[in-house]
Amino acid sequence: MGAAVLSELATEIVVPVCAVIGIAFSLVQWVLVSRVKLTSERHASGGSANSNKNGYGDYLIEEEEGINDHSVVTKCADIQSAISEGATSFLFTEYQYVGIFMIAFAILIFLFLGSVEGFSTKSQPCTYDKEKTCKPALATAIFSTLSFLLGAITSVLSGFLGMKIATYANARTTLEARKGVGKAFIVAFRSGAVMGFLLAANGLLVLYIAINLFKLYYGDDWEGLFEAITGYGLGGSSMALFGRVGGGIYTKAADVGADLVGKVERNIPEDDPRNPAVIADNVGDNVGDIAGMGSDLFGSYAESSCAALVVASISSFGVNHEFTAMLYPLLISSAGILVCLVTTLFATDFFEIRAVKEIEPALKKQLIISTILMTVGIAIVTWIGVPTSFTIYNFGAQKVVKNWQLFLCVGVGLWAGLIIGFVTEYYTSNAYSPVQDVADSCRTGAATNVIFGLALGYKSVIIPIFAIAIGIFVSFSFAAMYGIAVAALGMLSTIATGLAIDAYGPISDNAGGIAEMAGMSYRIRERTDALDAAGNTTAAIGKGFAIGSAALVSLALFGAFVSRAAISTVDVLTPKVFIGLIVGAMLPYWFSAMTMKSVGSAALKMVEEVRRQFNTIPGLMEGHAKPDYATCVKISTDASIKEMIPPGALVMLTPLIVGTFFGVETLAGVLAGALVSGVQIAISASNTGGAWDNAKKYIEAGASEHARTLGPKGSDPHKAAVIGDTVGDPLKDTSGPSLNILIKLMAVESLVFAPFFATHGGLLFKIF
């Protein structure tokens, strides 16, 4: 079979060094962003001689048009601090509730897994090779609990750091927009890169350290070691679920309330400081789109790594104790960090953006460059990291795989991600006909807009599903379930760039809000709107990546679960499996109904409060009185904390109830059903919402002759577009993105609890 070119010692060095490089690069980007000062003091040492290409030597104040410089900068700083405080206080409140859940669920993991062998401390025969002895089930219980807590804490930290960086950068982006769109773009993109690299590098480093620490106890029992590591993925995704749902309810309650009363009823601009919900809306961008998304993509990364490691531990890599080949998933992620580092420099240093029309192509180039470079990176890693030939566990048999086949598995995932990204862009960008058709349908009112938008969302599912299907077929044919797990990793290998592009959107959105609230000139608002419109499309691309990778990840986890639970085949014709299948397919609808209704009821309270303030605060519409922002922030916070618990409980309890009472075969059906229906709903919901949002922006911008016939702001077609956008808000930012966590989380939870379900599950069928 041969051995890997890269020695074990070299692997021990390469993985942590790449992670440290990623962290160092993010800190460098943060320092560059922090050079934009939120003060109006002029330093004598500055001056035009000092200015460089990206403009950090320029004065911040020089190009403002006839507005008091000092007051503008002070206002920006004040607004930024209000947004930052609101986001921090919400996340702390959310994490207190989530912390209680985390401890309770950790105890549950320990009790369920410890009871498999009656809390025995004796060694036991291994699951896949009965002639060998492995560590006791109690050890798996303890270490799974530890890795769950480790994944949960890393996930929470990823979300929190992302939010802090975004709230640090939003006002700085606004101030840089006074010098030109290029300088504002660089600040927003660099800030996104800080989050992307921190998250990718932290996820890799913590996983690497955990594996090495667990190895001290497990020794040669790699089967037990990597089974315990799966808790890391479960911890990451369970926190992401609460972050996505809680943050999504928060941001959309504020957004819907602000839009319906402000734009439709009162005819005031978006982010107008007179609107009482405006601060809550901007806080929401950070807690939902930044903190929630950060935790979500960290969860995907952790789970795809864990799925690959579990399958590899019972293949020749694990049986022969080939450490370098075993850590192949981590080597891919390490190469990804280096590739993304080079890619980021293309956006910030190698090329300069001079005009609005260059923004979206620059972001798209990031995806293309990172994918091309990563293809080379995967080839190198596969050549030096795995033997030329090896075997992979395939439902009881060992399948011989060549290293070039493994390269194709990762490559197909990587390129499928790019295809999904570009299809998503085609259906959600207002540069193409699908969104322009939706905008055109606003001529005849909100009803036709809603019909066109729904049709667009359903149609946008077709190509991504074919891309995922081809990816699954190719990777499974070459390397069984391990192939699917590494295909998911391939899709997520450029996670640092993907996150940078994704985080850029909410930062630009906030920058536009701050410009409006600070009373800056319309030209600056035009620049921030252009940044935001590009960010909207890239956010949709990011969601496409997250959903595509979730489909592959959950399928890989499903395969690992079926193997661990000792199910030889999942036969759809048996009643046990079929009832699971049909119930599983229903779960995404139930979950979506919960999250949509939560947004609706929270938005109802928000609309009533905003109306009350407009009606009862004298001089508010004239701009003589200040609205009560704090009450709106409190409505969003209270609603999201209360409403995130039922959907979270549905996802977390379903595998436990089904596995315990109905057994592993029914649970396998539930997982398959949820995966198949969840992916479709998630893609259509995200794209429908994104299309409605950009149709509204298309009319507002009035950049083409066609758009001008539908406008201006306040016209009947524009009001119809705003209603479409409002309907789409919970679809694209709450239900859609949360569904990919549902399908991953149920699969990884089933895998972690598989030993318990296989031993004690199916109580109802045992009784009858």
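All positions are counted from 1 along the displayed chain.
For all residues, glycine too, the Cβ spot is worked out from N, Cα and C.
What TrEMBL says about this one:
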TRANSMEM  13-33  transmembrane segment
TRANSMEM  97-116  transmembrane segment
TRANSMEM  136-163  transmembrane segment
TRANSMEM  184-211  transmembrane segment
TRANSMEM  367-384  transmembrane segment
TRANSMEM  404-428  transmembrane segment
TRANSMEM  449-474  transmembrane segment
TRANSMEM  480-501  transmembrane segment
TRANSMEM  545-567  transmembrane segment
TRANSMEM  573-591  transmembrane segment
TRANSMEM  650-683  transmembrane segment
TRANSMEM  741-765  transmembrane segment
Query: Given the transmembrane segment (184-211), which of the listed stretches 136-163, 367-384, 573-591 has the most Cβ pairs that are under 8 Å apart from it?
result: 136-163
Message: With CB pairs under 8 Å as the measure, which of the listed stretches 136-163, 449-474, 480-501, 650-683, 741-765 comes out on top against the transmembrane segment (367-384)?
response: 480-501
Field: Tertiary contacts of the transmembrane segment (741-765) (same chain, 6+ residues out, Cβ under 8 Å)
entry: 109, 112-113, 115-116, 127, 137, 140, 144, 148, 227, 230-231, 233-234, 237-238, 240-241, 244, 296, 299-300, 303, 306-307, 310, 550-551, 553-555, 557-558, 560-561, 564-566, 576, 587-588, 591, 651-652, 654-656, 659-664, 666-667, 670-671, 674-675, 678-679
Field: the transmembrane segment (449-474) touching the transmembrane segment (136-163) per 3+ Cβ pairs under 8 Å rule
entry: no
